[in-house]
Amino acid sequence: MEENPTLESEAWGSSRGWLAPREARGAPCSSPGPSLSSVLNELPSAATLRYRDPGVLPWGALEEEEEDGGRSRKAFTEVTQTELQDPHPSRELPWPMQARRAHRQRNASRDQVVYGSGTKTDRWARLLRRSKEKTKEGLRSLQPWAWTLKRIGGQFGAGTESYFSLLRFLLLLNVLASVLMACMTLLPTWLGGAPPGPPGPDISSPCGSYNPHSQGLVTFATQLFNLLSGEGYLEWSPLFYGFYPPRPRLAVTYLCWAFAVGLICLLLILHRSVSGLKQTLLAESEALTSYSHRVFSAWDFGLCGDVHVRLRQRIILYELKVELEETVVRRQAAVRTLGQQARVWLVRVLLNLLVVALLGAAFYGVYWATGCTVELQEMPLVQELPLLKLGVNYLPSIFIAGVNFVLPPVFKLIAPLEGYTRSRQIVFILLRTVFLRLASLVVLLFSLWNQITCGGDSEAEDCKTCGYNYKQLPCWETVLGQEMYKLLLFDLLTVLAVALLIQFPRKLLCGLCPGALGRLAGTQEFQVPDEVLGLIYAQTVVWVGSFFCPLLPLLNTVKFLLLFYLKKLTLFSTCSPAARTFRASAANFFFPLVLLLGLAISSVPLLYSIFLIPPSKLCGPFRGQSSIWAQIPESISSLPETTQNFLFFLGTQAFAVPLLLISSILMAYTVALANSYGRLISELKRQRQTEAQNKVFLARRAVALTSTKPAL
């Protein structure tokens with residue numbers, strides 16, 4: 001600014017009348033009145049100059065400034081020096097990194113004195129704050145694949161990065177569940193003695209007999225069938241519920257493990273959802289102007305190296321593209337006539353009816369496939385051919401996978417026809433796909449419940465004796481675990497088959513066939529909604545089956561590890577950046593919300609099995625009990641009387657009613673506090689707008705007075 005004041009003055013003088021030309025101002029006059037420089041120093045934008053560097057001059061402070069401008073510059077310098085004298089460490093000054101480093105070197109001794117000053121409470125608070133910051137930095141440095149996620153976000157957008165971030169989060173959940181399972185289930189099982197073997201065929205009871213082991217030598221085809229279906233040698237192994245012996249302490253730890261895993265997953269998902277909600281509300285609100293916020297505030301000045309800089313540039317570019325797409329669609333919707341609006345809503349209603357019809361047909365097909373599986377397994381031809389028997393056992397899984405493979409592309413074709421924005425289209429595709437996947441799982445569980453409980457009729461002939469269908473399902477918990485095991489395994493095989501047989505051959509075809517045909521065959525985009533819903537579906541299957549198949553979280557951990565590297569290889573070798581992107585802020589909130597929905601859905605069959613369905617009489621740690629939960633009161637009765645009274649008090653109304661009242665009061669207080677903060681924020685926004693208007697008016701009046709003063 002000081003090197004060429006003439007050009008600077010001309011630029012200001014030609015901009016909307018804020019400054020008159022230098023010649024029009026004439027020579028300095030001794031008449032009283034504020035100068036233009038002093039008026040402009042009152043603008044909000046002038047205050048930001050103090051944070052750029054100690055040597056930056058205020059608005060209008062040119063090299064040949066008048067005497068009033070010199071006084072303004074002197075006053076401005078005094079304000080800056082006052083800020084420098086404040087007892088703030090260099091790291092807290094709102095300056096660029098280079099200026100803060102220079103300030104720290106000049107005032108190293110003063111920073112040490114400032115840090116050591118204050119009361120003992122202040123010093124402990126600062127020490128605790130710094131320890132907390134260092135702990136967060138250490139935990140952040142321990143996060144796996146941090147650089148890989150940054151690279152993905154820079155090259156393919158933040159939406160694709162959110163998929164891999166969710167995959168890493170789910171991997172953490174499965175690792176925690178596996179560690180808890182090993183500590184609370186496997187170790188007590190082996191420390192309590194060698195588990196007993198399976199019941200023999202000669203053991204009879206009112207609930208029939210149960211012999212899970214195959215007798216004699218078996219062929220390789222049978223071994224492969226047992227591996228893929230969970231039967232044979234795997235049926236009586238730590239993989240499934242029926243293996244664990246009926247020991248009271250083991251039964252309690254087994255049940256506590258299930259509740260602990262559910263609680264930990266709930267808390268971690270809620271924490272992630274709240275963090276994503278903050279970002280979503282900030283992005284969707286009008287508190288920040290989207291374009292200016294990303295252009296002026298999104299850059300990280302701590303980046304080092306050309307690679308990091310290019311990645312950050314790509315991320316900002318993708319975010320701006322999303323904003324521009326959203327703006328175009330909103331403008332088109334704003335200029336629609338009444339007839340166009342009616343036509344759009346009619347199209348939306350018809351398309352939603354089509355979606356409902358497709359979903360209904362898919363659910364009926366899943367129910368039919370599950371019901372026919374039991375009938376087909378009893379056919380002699382199926383029993384003689386292992387491959388055909390394997391196909392019949394996998395019939396529900398195959399049908400669910402087929403539905404999940406066919407219908408989501410149909411939903412993607414329907415969504416653009418409804419006239420929504422890109423973010424809204426993504427939300428509708430996700431909602432329909434998640435409803436398809438999770439509801440298909442619910443239909444499968446309902447069909448299994450119908451077989452286990454004889455359709456809910458406890459007086460039926462097959463269920464009257466033991467409370468469950470002991471003739472077809474002598475150990476129904478293991479059968480349910482086997483179904484979830486097959487779903488998990490088939491999902492992994494499907495992902496491998498799609499990557500190896502479809503995606504990579506398409507890329508090879510692109511290289512072998514130049515021209516339009518090769519480009520059409522090789523152009524692939526990473527479909528974030530489908531991939532995310534695949535993760536949530538797989539995790540929901542694990543939550544449903546982990547109680548009946550305790551090693552399922554460990555298997556899912558291995559699966560997610562393979563999936564991460566496979567998807568990464570597929571992304572960088574066969575996929576191109578998406579032509580249409582969507583907001584990562586909405587994804588960061590919506591994906592955990594759908595995951596929370598999957599956790600809620602998985603808890604329903606688990607809680608129903610624990611409280612209402614009688615456990616199997618021939619397998620599992622709860623055999624002989626009227627219900628799985630009955631083991632808890634029986635274990636409590638063996639505790640000291642004081643402990644019993646306290647635990648039973650927690651389940652009475654004398655404890656529940658005050659807890660409900662206190663929770664209601666705290667919730668009402670939180671809501672009232674949030675409303676008051678919201679009103680305060682609205683008032684501050686209005687005040688900020690008023691102050692800005694006042695300053696603009698005063699600046700214009702000052703310009704007018706300054707330009708007319710010499711003529712008087």
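Cβ atoms are placed via backbone N, Cα and C, with glycine included.
In the predicted model, the topological domain 'Extracellular' (1-168) has a mean pLDDT of 59. What Swiss-Prot records for 1-168 (among others) is topological domain 'Extracellular'.
Marked as region 'Disordered' by Swiss-Prot: 1-39.
Under the heading N-linked glycosylation site, Swiss-Prot lists Asn107.
Per Swiss-Prot, transmembrane segment is recorded for 169-189 (among others).
Feature annotation from Swiss-Prot assigns topological domain 'Cytoplasmic' to 190-249 (among others); the stated evidence is sequence analysis.
What Swiss-Prot lists as transmembrane segment is 250-270 (among others).
What Swiss-Prot lists as topological domain 'Extracellular' is 271-348 (among others).
Beyond the ends of the transmembrane segment (349-369), by six or more residues, the same chain brings 395-396, 398-400, 403, 407, 410-411, 414, 417-418, 432, 435-436, 439-440, 443-444, 446-447 to within a C-beta distance below 8 angstroms of the stretch. Marked as transmembrane segment by Swiss-Prot on the basis of sequence analysis: 349-369 (among others).
Under the heading topological domain 'Cytoplasmic', Swiss-Prot lists 370-394 (among others). If one looks beyond the topological domain 'Cytoplasmic' (370-394) by at least 6 residues along the same chain, the residues whose Cβ comes under 8 Å of a Cβ in the stretch are 219, 221-222, 224-225, 228-229, 443-444, 447-448, 450-451, 472, 486, 490.
As annotated by Swiss-Prot, transmembrane segment applies to 395-415 (among others). Within the same chain, residues 351, 354-355, 358-359, 362, 365-366, 369-370, 372-373, 376, 425, 428-429, 432-433, 436-437, 440-441, 444, 447, 483, 486-487, 490-491, 494, 527, 529-530, 533-534, 537 sit at least 6 positions outside the transmembrane segment (395-415) and bring their C-beta atoms closer than 8 Å to a C-beta of that stretch.
The topological domain 'Extracellular' feature in Swiss-Prot is assigned to 416-425 (among others); the stated evidence is sequence analysis.
Residues or ranges marked as transmembrane segment by Swiss-Prot: 426-446 (among others).
Swiss-Prot lists 447-483 (among others) with the feature topological domain 'Cytoplasmic'. Here the topological domain 'Cytoplasmic' (447-483) has Cβ contacts under 8 Å with residues 206-210, 212, 229-231, 235, 239-242, 366-367, 370-371, 374, 396, 545, 547-549, 552, 605, 608-609, 613-620 of the same chain, all six or more residues outside its ends.
Positions annotated as transmembrane segment by Swiss-Prot: 484-504 (among others).
The topological domain 'Extracellular' annotation in Swiss-Prot covers 505-542 (among others) and is backed by sequence analysis.
Taken from Swiss-Prot, the feature transmembrane segment covers 543-565 (among others).
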Applying the under-8 angstroms CB criterion, which one of 543-565, 593-613, 655-677 scores highest with the transmembrane segment (169-189)?
543-565
Test the contact criterion for the transmembrane segment (250-270) and the transmembrane segment (593-613): 3 or more CB pairs under 8 Å, pairs 6 or more apart in sequence, then answer yes or no.
yes
Do the transmembrane segment (593-613) and the transmembrane segment (484-504) share at least 3 Cβ pairs closer than 8 Å, excluding pairs fewer than 6 residues apart in sequence?
no
Near the transmembrane segment (543-565), which same-chain residues lie under 8 Å Cβ to Cβ, leaving out any that are not at least 6 residues past its ends?
145, 164, 167-168, 170-171, 174-175, 177-178, 181, 185-186, 230, 238-241, 244, 254, 257-258, 261-262, 265, 441, 445, 477-478, 480-485, 487-488, 492, 495, 598-599, 602-603, 605-606, 609-610
Using all protein chains in view, find how many other C-beta atoms are within 10 Å of the C-beta of Asn107 (N-linked glycosylation site).
15
Secondary-structure category, per DSSP, in which Asn107 (N-linked glycosylation site) falls:
coil
